[in-house]
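Colleague: Okay, so Swiss-Prot annotates it like this:
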- 1-20: signal peptide (SIGNAL)
- 259: N-linked glycosylation site (CARBOHYD)
- 279: N-linked glycosylation site (CARBOHYD)
- 333, 337, 343: Zn(2+) binding site (BINDING)
- 399-480: domain 'Disintegrin' (DOMAIN)
């Protein structure tokens, strides 16, 4: 049973205005200093792991109380996650670290339905959270013998005075008609309930980025882990689980040529993935992170509609901002291109759009209605097979067998009897109009309404509720 802790952050808050401080996220002129004090409701011996599965943080922002509900991101790593560095003679040095007791969380702010939070508790609290439409960050202060943290708005981070940074994808580059037309489709709410998909990510860090962080592989690894945690959070809106499968740091030299031409570098990386990477590692989509400054202020590039293709399921992203969340948005943006999305136009609706061509002064964290339609069209028309398997459990790769009560690769439902009104026994696919075939939140081939109780609690525990977008009964993150 998940042990839920109530952790109260008792804050001594000191606003600093006019003075300046340098944090990992950049230079700040306005921030609040807070001193967290952890108070646990359970005896220390009752907590089996170093990091709890579910937590709550209570503290104040701008003098107002805030309660943050957090749940550990169980989908952050695939079951075969590995890290590889390279020796001076280019030999691979592999490691398979234990990542079950990791320190990365997702969450929300109580009484704010539109809030989001992504947090690392590895070395103090490092997080971003959105409340009332504004993005805040919290980071530890490097003050001797204290637990001081800084809380600040994203807008208070000093911005570089430079030309706008942008994606290198053009609307007519490697695109196809079905996704161009997708933003014009009228998609009903029922059609927008996306089937769950799983993307295993392989992240490669080039030698320039390794040098940028003074050869500190541990720092780079933590930075990448936090970025994937952010990507995972943003992709939840599309019911996509993104899990890190491979992290490679080119600590000695680049294994391909990375230059100022983003198209050239991307082409070389794609060819290398096809001929080398796929023979070594299991993954669905690979991204190369680099410190190289590309021509034309480009910070990323990816083929449109390339997901699962051996050469085109790739992206390149420049590590262009000290705030790792901003870089994670760029990584999500480029992966969005691989999933059939184009850049947002004026007619697209979202608060701050992930798929905007130019990096906004305001942090982007939402897919637009156009993106949702384009993604829906892409997975329907092209059915990328590699993202069907759940990387958190061993994949089943045998030939589909009717009625074995196990969804295998390529199946949408367990075939079973030809009389099943939801599942076509000949194809193991859902019948037209069906959203599901079985599950506690499936009723007459349709997802049950969000908020419907699907598992009644026992004792002092809490009920589980349907989420309206899947047939399974998700576990309530606030179980006792």
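Using N, Cα and C of the backbone, Cβ positions are placed for all residues, glycine too.
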Colleague: Pop the Cα-Cα gap between residue 337 (Zn(2+) binding site) and residue 279 (N-linked glycosylation site) into the table, whole Å please.
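Modeller: Per the Cα atoms, residue 279 (N-linked glycosylation site) and residue 337 (Zn(2+) binding site) stand 25 Å apart.
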Colleague: Of all the glycosylation sites here, 259, 279, which one's CB has the most other CB atoms within 10 A?
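Modeller: It comes out as 259.
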Colleague: Taking only the Cα atoms, work out how far residue 259 (N-linked glycosylation site) lies from residue 337 (Zn(2+) binding site), in Å, as a whole number.
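Modeller: Cα-Cα, rounded: 22 Å.
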Colleague: What does DSSP assign residue 259 (N-linked glycosylation site), in three states?
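Modeller: DSSP assigns residue 259 (N-linked glycosylation site) to coil.
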Colleague: Restricting attention to the domain 'Disintegrin' (399-480), give the mean pLDDT.
Modeller: 71
Colleague: Determine which residues of this chain, when 333, 337, 343 are set aside, have a Cβ within 8 Å of the centroid of the Zn(2+) site's Cβ atoms, and list them as they appear in the sequence.
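Modeller: Not counting the recorded site residues, we get 167, 169, 300, 302, 334, 336, 341, 342, 354, 355, 357.
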Colleague: How many neighbouring Cβ atoms, not counting its own, are there within 10 Å of the Cβ of residue 333 (Zn(2+) binding site)?
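Modeller: Result for residue 333 (Zn(2+) binding site): 28 other Cβ atoms within 10 Å.
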Colleague: Just to verify: the residue among 337, 343 with the fewest other Cβ atoms within 10 Å, which of the binding-site residues is it?
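Modeller: It is 343 that, of the binding-site residues 337, 343, has the fewest other Cβ atoms within 10 Å.
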Colleague: Which state, by DSSP, holds residue 337 (Zn(2+) binding site): helix, strand or coil?
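Modeller: It is helical.
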